[in-house]
Amino acid sequence: MWNPWRENLKDTPKESLNWRLWYGVFVFGLMGAARGIDEGLIGTTAELAPFIKKFGLEDPSKSAHWKAELLSNITSMVQMGSILGALIAFFLTDKIGRLWATRQLCCLWVFGISIFLASARTGNVGMVYAGRFIAGVGIGQTTVVAPTYLAETAPRAIRGLCVCAFAGAVYVGIMLAYFASWGSSIHISSKTDAQWLVPNSMHLMFAGLIFTLSFFSRESPRWLIKVGRHEEALETLTRLRQLPADHPYVTSEIIDINDQLNREREATMGTSWLGPIRELFASRANIYRIQLSIMSQLLSQWSGANSITIYAPKYFAMMGTTGQNEKLFATAIFGLVKFISSIFCAFVLIDLIGRKRALSSGILLQFFSMLYMAIFLLIDNKIADKNAPQSSSQKNAAKGAIVMIYFSGFGWALGWNSIQYLINSEIYPLRLRALGGSIAMTFHFVNQYGNSKAVPLMFLSMTTGGTMMFFSCVTAIGLVWVYFFLPETTGKSLEAMDEMFNLPWHLIGRKGAELTRGSGGMAEVLDAEGEAHMEKVAGATEVERVETRPVEQKV
């Protein structure tokens, strides 16, 4: 039987691939649905008549700019709250653990959505803003808590698969949200607020499910070791791996975790609570990691894919799909395509062909899709006008543009969608993992907020074709960045990442994959410049090392 992971799994005991591992992947992966449900629901909810009427989205007495501002404020408020959520997530995740961080974010999520739903009685848009902001504080934390837990509990051979379960769940949420809105538009009267309240109750269902299931999960062994609970960590790891405590696979994993943590504690001994923050900016290796986090979020969010997800009905309308039910149905099928694509990429491609190759292929497909849509809208800018005559060639070109929306979804699932979570959960050392992930996801939501806020206004000022051309240019820049700066991390243990980042900055992206894979050290670098640099690092004197330490450590 063909097994796409046969090579990666050759050193992994089959006992470690057990139901306890998959249960944790299911529970923490399911948190990805938090973002997906919101992204899928809010754009489609804004197309439902009772919501439009309740909050004045089509008020004829208001200007188009005013209505675009109102829509962008409503849709982007969760992203605004998520910025705060991602900022505080690193502190909560390290302070109270991955499990309790999960439970408190579910409570915030439920509380915020309850306020949002209660606005149906008052019609107060302020309650919409407040409820969605509070829910965003909880939703924003999921992007730090879940990938961190998944990366820390998964065997390294399938770490990409496990972390991508979170990215895949985003599309479970998006798909269910799209179909819920489409179904409610058909089966629930447009004269009642239930048409938008019923699909938005999905938030409460998923938050309650994750909160309940978390009580049957095990805490991350790496976090337990970090806080000094070594016996509990060993017992948890043996349960997760279903191997005895003296098994070489378990002992080597414990040794790797302890070795990295001891080195980090020695390096930061005597520093204040600001030590981790100072450490994050004190070395070239960590600055390179921050660069990867920031650029991956910047380039992915402004590639245009998320704006299509949030404003999918409007994009289909731009390509000539008219009628509320038709737009929502096309949007629902788009969600199904993205869901199937994300599952296929997570289960087959990411660990099989490698992170870098998967990302490059996805970006390339996304680029050509965006470019086609941009050229189409620049040439045929009256496609959305029902009264404008269309030739047969124009109609065929419009059908092609609709197909390209679906292709862009597949490219996003293969590329940026998975990598923006996976890379940030892998590259940081244990002491800085939650902090680094928090910074990455804060930047993620800052850009997503800016994107969701700006897109309705960009359609007015830049035209739809100009907006799509902007997105295609950013996507092309992302392809160049991936080639030169993104290292290949497939098959490397979390504790072995440090050695790769000791290469010169201009070699990490292109030569990092040539380091020996696995949990061992740096056996060879096939580049003469890289070898010379590593010999220089290895031969540094104690005096040189002292001179490079932060001031507090030297004192």
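Cβ coordinates come from backbone N, Cα and C, glycine included.
The annotation transmembrane segment is assigned in TrEMBL to 21-37 (among others).
According to TrEMBL, the domain 'Major facilitator superfamily (MFS) profile' annotation covers 24-490.
For 70-93 (among others), the entry in TrEMBL reads transmembrane segment.
Residues annotated as transmembrane segment in TrEMBL: 105-123 (among others).
Residues annotated as transmembrane segment in TrEMBL: 129-150 (among others).
The transmembrane segment feature in TrEMBL is assigned to 157-180 (among others).
TrEMBL lists 200-216 (among others) with the feature transmembrane segment. Long-range Cβ contacts of the transmembrane segment (200-216) within its own chain (Cβ-Cβ under 8 Å, at least 6 residues beyond either end) map to 23, 26-27, 30-31, 33-34, 37-38, 41, 45, 99, 102-103, 106-107, 109-110, 113-114, 116-117, 135, 138, 173, 176-177, 180.
Per TrEMBL, the feature transmembrane segment maps to 328-353 (among others).
Remote same-chain partners of the transmembrane segment (359-379), defined as residues 6 or more beyond its termini with a Cβ less than 8 Å from a stretch Cβ, comprise 303-305, 318-319, 345, 353, 397-398, 400-401, 404-405, 407-408, 410-419, 463-466, 468-469, 471-472, 475-476, 478-479, 482-483, 486. Under the heading transmembrane segment, TrEMBL lists 359-379 (among others).
Annotated transmembrane segment per TrEMBL: 400-423 (among others), in sequence order.
The feature transmembrane segment is assigned by TrEMBL to 468-486 (among others). Only residues 6 or more beyond the boundaries of the transmembrane segment (468-486), in the same chain, are considered here, and those with a CB under 8 A from a CB of the stretch are 291-292, 295-296, 299-300, 302-304, 307, 355-356, 359-360, 363-364, 366-367, 370-371, 373-374, 377-378, 416, 419, 423, 458, 462, 508-510.
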For the transmembrane segment (70-93), out of 21-37, 129-150, 400-423, most C-beta pairs under 8 A are with 129-150
Would you mind listing the long-range same-chain contacts of the transmembrane segment (105-123), meaning Cβ under 8 Å and 6+ residues beyond its ends?
-> 34, 54-55, 81, 85, 89, 130-139, 141-142, 145, 193, 196-197, 200-201, 203-204, 207-208, 210-211, 214
Roughly where does the domain 'Major facilitator superfamily (MFS) profile' (24-490) sit in mean pLDDT, to the nearest integer?
-> 83
